[in-house]
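Have a look at the structure below before the remarks.
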């Protein structure tokens, strides 16, 4: 519907004959700021003062003769509320040579102040989407209590719906893209963790096999040592037994130790006299 003032209207401070129901006055400072990283001057904007005035207004049908109106409540809480700029003026800053030097030292160089007036004019066509309530024979449009979006837009309903659907479609695409990216990262992390665990198991298996091989070699070495010690000479414990003493029959000495026995030669085991010696050959 078209905007119609319910009581008094707001007059523009700068444009004669401009009437509206929402008025926003803004003072904005423009300056250049030195970026120490890029070594460039960057534009910077800062709102010094902003004031918004509102007046009660209704939305009435565009057709003539329709005696229906909807009172708009809390218009500043609505999304898509586009105000028309009716006045805009830029006041450049006047700088002396000393100011310029100081600005280069401080890293901030003011450009000027922009004065802007925006209004929602009477007669503007708006599309309102919100909660309709009936209060004392007055139909009111207000923000939904369920936390849903509240719209006052200069677009018609189909265009507003298409815009929201495009936004929803964009969010869906972004959700799918980020979902796939998250799945890819998760798959990469899980694959990396799997490879790490597999490599860890392989190293553990190799360590177990190496330990088992060491134990087997130790057992074999112990058996060989025991066998060597069993066949070692009872006198020197170094050489292998190589002779049989008769008549006692003991095998307990090597040839070197037998020749080293004092006369008369006796068996080191039973101390019986040795009458003869028979060589022993180990195969």
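Backbone N, Cα and C atoms are what each Cβ position is placed from, and that goes for glycine too.
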> If you check TrEMBL, which stretch out of 196-223, 224-251, 252-279 is marked coiled coil?
Replying inline: 196-223
> In TrEMBL, which of 149-169, 170-190 is tagged transmembrane segment?
Replying inline: 170-190
>> Are there residues at least six beyond either end of the domain 'RING-type' (233-271) with Cβ under 8 Å to its Cβ atoms? List them, or say none.
In response: 277-280, 282
>> Please count the residues of the domain 'RING-type' (233-271) that DSSP assigns to helix (H, G, I), strand (E, B) and coil.
In response: 6 helix, 7 strand, 26 coil
